[in-house]
């Protein structure tokens, strides 16, 4: 120990490396683990769809149209006698994909543009912000519908359309957060040490703007699943007879009184997946924050 | 300093900020730094003091090009760093390091202490991974922290500990000049003493040149070799520390010295030397900028602006009446000498004495 101080060296147990600490913190968070569990159940079931002993999602049983749940059809049947359990399982693929892929698209475009606008300011910011505002002027769903109609009807195009429509939210959020972080002393300190702009963005700006973006992303997954439903309803998303939760929900709307189970199951599934993503996202945000114990 | 070897110089340095730009007409500007000339000798501790808003932090940032000057030059080792390309400046930053005022906002909360201290070495490609890790441990113990804390995050530490991390980080790349923007003003007085002593020891050990921005005269008196007093973006007096404190030549310097508090009834006679706030830096007064607050101001001061000229003890002063006024310094009579200042100096001495005898197991804590 040096002679310059009267503070004794702290005796500190050597802590495990950073990666495992984030993981340990996440594991200790019960609600995050519950959320992760929920999402993984749906993902696993969706992936196992081809090998599960269920009827095909487009197979009709004219003897059982709009039947309530029974031993033969655990979740009941729809308006043309298709097994709802089977359609739920196959539909999980489309819905989860639509949620995750479109948010991934939105993040991949929104974060770089938002950080660029917030970091560079000046005319870069002016151009990006005006474009963002123009996009925001159109309601989310209208924009998605216009884009999907322009790209042509298919699940892939629907995901691209939903992703692009969600981009402005992430640009705005990333820009605002970046502008906040850039005024911190530690960013000036990074310049003083001699870091390049890309290094500052990568090591200083991004880690500090992730938490709110993460929360927004989990919320947007829910919006995206529902947006896919709307597009499917208009024939711009998942193409019939292939199922998605959204399209099932939209069809069921007409039979709410006669066959409430048709709407109930996709509704519950969407609710649970969204809940799962939100809980997990919250937990991840807390685990990534070193200030939080 | 018989053969002055200047490491860092500022010449006619100016920095203006636009505050409001009307659609038509001239923009309003604040002249935060307005024509500063400085020469900082290799190995000295140079202090810049002044009230809040006098432009001292701006000056500090200009000296390491954390801001670019509106006009003028900053010469480091013969090179004008105000105009060299970005890349060249980045390489130079290895030699010019900065310590921030607020230890709570100046460390990236997402990086471990070890990563923070290692970063300057990584940026400037110094050593191998193993060597850098060793250096981090050495630096941590050098500033009085345990090397084991390298894996922890800044939020786990107190202000004084964080400021030491900041100092270790500033030292990591092996700088020649260390510029501190009020490096201790955010800390408790007792912690200030430790940090000031660390800085002084490191200066000796690594042969650093220290530039310290401060508004606390006790710290300045203790640390500095030479002091520049700033008022509204200009240097009004510059002198070796003893000459400045014992025999100030500028009324503003005298007022600052007199403002060191005296915790004793009747210890100071009616000596309210400085009244009011500094004038609006957007509409600067004519003549001497200090004249609206100066007890000695005359018509000459209101109309004609004094320039910086030589004073005794190798200093400079910008006052028309520098030779005529008799101004009180710190030791100009026991009744004007501040007991509080004495108490502060005493704390520093005590902290040093303790730390020098600290090879025996230390018992005090931060």
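The backbone N, Cα and C atoms fix where each Cβ goes, glycine too.
Annotation comment: TrEMBL describes A:31-52 (among others) as transmembrane segment. Listed as Cβ neighbours of the transmembrane segment (A:31-52) (distance under 8 Å, sequence separation of 6 or more from its ends, same chain) are residues 89-90, 92-93, 96, 269, 272-273, 275-284, 286-287.
Residues or ranges marked as domain 'ABC transmembrane type-1' by TrEMBL: A:92-281.
The transmembrane segment annotation in TrEMBL covers A:96-119 (among others). Packing against the transmembrane segment (A:96-119) from elsewhere in the chain are residues 42-43, 46, 125, 128-129, 132, 155, 158-160, 162-164, 166-179, 182, 197, 201, 205-206, 209, 213, 217, 220-222, 224-225, 227-228, 237-238, 244, 246, 273, 277: each is 6 or more residues past its ends and has a CB under 8 Å from a CB in it.
Sequence annotations record features per position, and here TrEMBL assigns transmembrane segment to A:131-151 (among others).
The transmembrane segment annotation in TrEMBL covers A:157-174 (among others). Long-range Cβ contacts of the transmembrane segment (A:157-174) within its own chain (Cβ-Cβ under 8 Å, at least 6 residues beyond either end) map to 97-98, 101-107, 109-111, 113-115, 117-118, 128, 132-133, 135-136, 140-141, 143-145, 147-148, 151, 209, 212-213, 216-217, 220, 223-224, 227-228, 231-232, 236-238.
Residues or ranges marked as transmembrane segment in TrEMBL: A:213-236 (among others). Proximity of distant same-chain residues to the transmembrane segment (A:213-236), defined by a Cβ-Cβ separation under 8 Å and at least 6 residues beyond the stretch ends, is recorded for 94-96, 98-100, 102-103, 106-107, 111, 140-141, 144-145, 148-149, 153, 155, 157-159, 161-163, 165-166, 169-170, 173-174, 177, 244-247, 249-250, 270, 273-274, 277-278, 280-282, 284-285, 288.
Annotation source TrEMBL lists transmembrane segment at A:263-281 (among others).
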